Amino acid sequence: MSDNFIYYLKIILQGLPDTLSLSIAGILSAGFLAIVFSCLLSLNSKFLTKTIRGYIVIFTGSPLLVQLFLIYYGPSQFGEILSKVPAFYEFISSPWFCAYLALTLNSAAYTTQIFYGALKAVPQGQWQACSALGMNKRQTLKIVMPYALKRALSTYSNEVVFVVKGTALASMIPVMDLMGYSNTLNGEYYDFSIFVVAGLIYLLINGILSTIMRIIEKRALTFEN
């Protein structure tokens, strides 16, 4: 049993780089987009608000797996047209890039709700103080947004963990991440303990990530103590 565990562990860990790269790239890109979208929503432009709200409804209202399939298999319907732009076609036909794009767009939708909610929760006194100093909307956001992001860390940490867990779906298109190698092993040995090993690795990653997020949150909120 222990020999099998070690063997499975060695094979599955070959997918760790793809899992980590997808997680890190997805989290950073989604966070950046969410900050941009939150700022745009705060401008109270009807067109921007409806557009971003529509995007949020689509990506929070449909399963990540469906989004993943649409992004990966959808462009293949226009292969002849897209192949005329080799650089773009190379990206859009890459399983890793499609998984990254799906994770980013999905997470950005949820994260925008978190960040914008935190932005709206900023005390009116801070907005009024900036206005009294003659700051415009853009300058005010530079002051208020960091405060809002600090307040959102507790909720945002859950979304970060969801992104890591969401990478497991990337094996469906296929990306050879932790689950990709797990599925390959299971196809050879039909041993449920393969997924136990994979689950333990994900548990360890998310445990470390949650600890890091708690440390960041604690340090970010020390100004209130």
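Glycine too: its Cβ is placed from the backbone N, Cα and C atoms.
TrEMBL does not curate its annotations; it predicts them automatically.
Marked as domain 'ABC transmembrane type-1' by TrEMBL: 16-213.
Only residues 6 or more beyond the boundaries of the transmembrane segment (20-43), in the same chain, are considered here, and those with a CB under 8 A from a CB of the stretch are 49, 52, 55, 96, 99-100, 103-108, 111-112, 114-116, 119, 137, 141, 145, 148-149, 160, 163-164, 166-167, 170, 175, 177, 205. Among the features that TrEMBL reports, transmembrane segment is placed at 20-43 (among others).
The feature transmembrane segment is assigned by TrEMBL to 55-74 (among others).
The feature transmembrane segment is assigned by TrEMBL to 94-119 (among others).
Summarising the annotation, TrEMBL assigns transmembrane segment to 160-180 (among others).
Taken from TrEMBL, the feature transmembrane segment applies to 192-216 (among others). Proximity of distant same-chain residues to the transmembrane segment (192-216), defined by a Cβ-Cβ separation under 8 Å and at least 6 residues beyond the stretch ends, is recorded for 1, 4-5, 8-9, 12-13, 16, 19-20, 23, 153, 156-157, 160-161, 164-165, 168, 178-179, 182, 185-186.
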- prompt: By a Cβ-Cβ criterion of under 8 Å, what residues six or more beyond either terminus of the transmembrane segment (55-74) are in contact with it?
  reply: 37, 95, 98-99, 101-103, 105-106, 108-110, 112-113, 166, 169-170, 172-173
